[in-house]
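As annotated by TrEMBL, region 'Disordered' applies to 277-300. For 31-58, 70-90, 96-117, 186-208, 214-233, 340-362, 382-400, 421-440, 460-489, 548-566, the entry in TrEMBL reads transmembrane segment.
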Amino acid sequence: MELEAPQLTTWQGYVDWNNKPALRGRHGGMFAASFVLVAEILENLAFLANASNLVLYLKQHMHMSPSKSANNVTNFMGTAFLLALLGGFLSDAFFTTYRVYLISAVIEFMGLIVLTIQARDPWLKAPKCDRESPCEEVNGGRAAMLFVGLYLVALGVGGIKGSLPAHGGEQFDETTPSGRKQRSTFFNYFVFCLSCGALIAVTFVVWIEDNKGWQWGFAISTISIFLSIPVFLSGSPTYKNKIPSGSPLTTILKVLLAAVLNSCTYKNSSSAVVNMASSPSNPNSGRMESEQESVKANTTNKTPTGQLKFLNKAVTNKARYSSLECSVEEVEDVKVVVKVVPIFACTIILNCCLAQLSTFSVEQAASMNTKLGSLKVPPSSLPVFPVVFIMILAPIYDHIIIPYTRKATKSEMGISHLQRIGFGLVLSIVAMAVAALVEIKRKRVATESGQVDDPTKPLPITFLWIAFQYLFLGSADLFTLAGLLEYFFSEAPIRMRSLATSLSWASLAMGYYLSSAIVSVVNSVTGNGTHQPWLSGANFNHYQLHKFYWLMCVLSALNFLHYLFWATRYKYRNTGTTN
């Protein structure tokens, strides 16, 4: 009986958790990815349990102003998502996604312990307010402890977001249609599991924080992230882990620098090859070198594509320095990175809109009547609306909509990644328009009830009006985030996949930072002379929030037009996908 060749039973470029070659049939597949999905539920529960309610914690217990609380939340969440780039970089360059996740989970666990201790001890929080003096904002060592805990959590979250989605995506065989379909299902259910963790966070944990104390909320988050570690470890025998292939940033910088320098060399000296050809001492040397390069190119059967021809100079022109010699494969990899950057940039405004769900939308709801019958709903539980909608829509999308569109379009994807992202951008425009109209209604009720100058009493309007903007933005998040994760993972070169997938979270980070910047700019521009800034002051009823939402609606519409320009010109790297 003839034995099967060993190379046919191994996953090339992958190892198991003991650094031995990963084997087909034993490592990878949906079963291995299922451990990732469960770990993501626990991890996102730990993160969102605090992030969704943090603006009220900073306002009520740390005595920060509404605008400062909002900016601190957006800065914290922006940093967490931006650090996903670090997690992705380390996964590709030096460690596996497996190890980066474990290290990051421990760091987040430490940060949550710090926050739990502070929330438990009254001496570590801001001094209590009294009627004779204004509330004193947290400062000194107490503030330092708060921000150390928050940014340890941010570092851990960043590492997890930069490694966990890519780790799950790596478990599938992308060389087969069934493997690619399973990978698409994984990313859909990854967003579903994000929502599962969020559902528990914004209902049960937020209720605990508001009614039993923040120390219990932080404690639940601490336990949740701790439990995610053994859950993730239990899948170790089934994982296949991509072998790190060196810094992807080094490759990108090398190709870009080589293209620039080789272009300058070509323009200034007509290239070294031409100069050698014209040399009287060796008139045939240029021809000989060109023939050698041609033979080498034919041997590898690789030539640069016609897209982004400027980068081709990194290989078609003679390298000025030996350290800048590039292969065709490296040039083509960098071309893919350059092409996805505009798509990445076009999703930042959407995430800037999503940032409002954690800041001003929560404060809107807090000023309204939050009772449902005899039940008083915490304002921070409002994200339950988009979360539940995502949990319903994700399985429907994967099991009904996608199979139907695959038959209708006769394509492997059915609905392409870019189409999903574009639909999410359209929903964000609608969401901001709805948010502006709801705020106009809320302000009208405040005026008619005579409560504009009395923000301590809830307005006689139900907080369910806010659910509409949450619903549209939640739907936009489902389409865009799932589409982005799979788009970056499938389009990126294998050596850069973790870093590329991290761009999905980096877009969130940029959105949160941009939100803080826009708020600051708006306040600076509108606060001239005797006019009060739109988004400043202790009384939320004096804010011109509806004007801010209209501004975001206009920016989102312009951003969508920008997206169409790039999306309609994009050519997919892989087969089975069309615009």
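Glycine is treated like the rest: Cβ placed from N, Cα and C.
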Item to complete: Decide whether the stretches the transmembrane segment (421-440) and the transmembrane segment (96-117) have at least 3 CB pairs under 8 angstroms, with pairs required to be 6 or more apart in sequence.
Response: no
Worksheet item: Among 31-58, 186-208, 214-233, 548-566, which stretch has the highest count of C-beta pairs below 8 Å with the transmembrane segment (340-362)?
Response: 548-566
Worksheet item: Looking only at residues six or more beyond either end of the transmembrane segment (460-489), which have a C-beta under 8 A from one in the stretch?
Response: 165-166, 169, 183-184, 187-188, 190-191, 194, 340, 343-344, 347, 350, 353-354, 356-357, 361, 364-365, 368-370, 377, 379, 382-383, 385-387, 389-390, 393-394, 397, 417-421, 423-425, 427-428, 430-432, 434-435, 438, 441-442, 445, 449, 497, 500-501, 503-504, 507
Worksheet item: Near the transmembrane segment (70-90), which same-chain residues lie under 8 Å Cβ to Cβ, leaving out any that are not at least 6 residues past its ends?
Response: 47, 51, 54-55, 58, 64, 100, 104, 150-151, 153-155, 157-163, 166, 247-249, 355, 358-360, 363, 498-513, 515-516, 519-520
Worksheet entry | Selected stretch (most C-beta pairs under 8 A with the transmembrane segment (186-208)) from 31-58, 96-117, 214-233, 382-400, 548-566 | 31-58
Practice prompt. Could you tell me whether the transmembrane segment (96-117) and the transmembrane segment (214-233) have 3+ CB pairs under 8 A, leaving out pairs under 6 positions apart?
Written response: yes
Response to the item:
Under 8 Å Cβ-Cβ from the transmembrane segment (96-117), and at least six residues away from its ends along the same chain, one finds 15, 17, 39, 43, 46-47, 50, 87, 90, 124, 145-146, 148-160, 162-164, 166-167, 170, 215, 218-219, 221-222, 225-226, 228-229, 232-233, 236, 239, 241-244, 498
